[in-house]
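TrEMBL has this to say about the protein:
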| type | residues | note |
| --- | --- | --- |
| REGION | 1-35 | region 'Disordered' |
| COMPBIAS | 25-35 | compositional bias 'Basic and acidic residues' |
| ZN_FING | 55-83 | zinc finger |
| DOMAIN | 55-83 | domain 'C3H1-type' |
| ZN_FING | 92-115 | zinc finger |
| DOMAIN | 92-115 | domain 'C3H1-type' |
Amino acid sequence: MSSADIHARPPNATLSPYAAPAKSVHVEDTPKRPAESTDLQYWRYDVKRQRQGQTDGSLLCFKYTSSGSCPRGSKCNFRHDEEAREHCQRNVCFDFLNKGKCERGPECRFAHSLTEEAAARDAKPRSERRRVESSCWFCLSSPDVESHLVISIGDGYYCALAKGPLVPDHVLVIPVEHFPTTIAMPVEPEAELRRYKDSLGKYFEKRGKAAVYFEWVSQQSRHANLQAVPVPLSKATNVKKIFHLAAQRLGFEFSVVNPDGDANQGRELLRSQYDGKSGLFYVELPDGTLLLHIIDSGEKFPAQFGREVLAGLLSMADRADWRNCKLSKEEEVKMVDDFKQGFREFDPAE
């Protein structure tokens, strides 16, 4: 494509989810919620379809179909269909309603039929799921999500800066779907996760740092978040040693998942071995090695273990608890803007 074609604005283009949100939105009959979270809730279906040039009004509006209202009103580029809304309330899959098929197939938790009997099959699980997601800090459709911390949005994952960061550029890589761990996610988003990790690695390397990734999974885990903490290159070789020392003090030993240091292969092994029932903690070192600890049912494992270990490595013991590192919203917004400016050249979602 020519440069002119690439930069041409499509007809009926909607607002970019990366643009600074408006300070106020005046739309009649719109539920009150933070303005900065409004546009982000359209990325999953509406913005993705806009990129594909499918904004001719023939496709359903996800917001209206799922909730019964749309802040864009008559200006929305997608169809507000009451019948589709009723099917959605009966647990019918949105993709099935919109496209006549669902890419998730049998793994989808919603009905792929317009008959009431089939649609009611999983009604209770869905109602429970909605209650959970509506109060989740990490679900983009939740009114509780702090969307001003979001720095990049992909198809299966999005990135946000951490609340109460251990260090500047402390990033959370978060599944869009409501999953308790990244290693229980479907196979398809895994490639996007690798792209985000590669991009973050390049971003940190340019600043003389290396990324340490860790994730804690427990029976109480709600929405997964893979934490990425940059450490100076001068300290990167000490990360393995300090995690082993911390494990010894708690009375356990890490097992090495991938002795060859192939991080992608290590995650595949984790995914194949995870039974979905056990708690676990794993850390990916700067050299790609994965250290794993399976948490016994009666074991009291520190929820902030990964952060506490890295706080010790960086001589920041006072920042081990995120609640001691809270920033004002103005400071968080500036932190996000600064990160976006530097990350833009690496962002795989751009």
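Residue 1 is the first one shown; counting continues down the chain.
Keep in mind that glycine also has a Cβ here, set from the backbone N, Cα and C atoms.
Keep in mind that TrEMBL annotations are predicted by a computer and have not been checked by a curator.
Secondary structure of the zinc finger (55-83) per DSSP (helix as H, G, I; strand as E, B; remaining residues coil): 11 helix, 2 strand, 16 coil. As a whole-number mean, the pLDDT of the domain 'C3H1-type' (92-115) in this prediction is 73.
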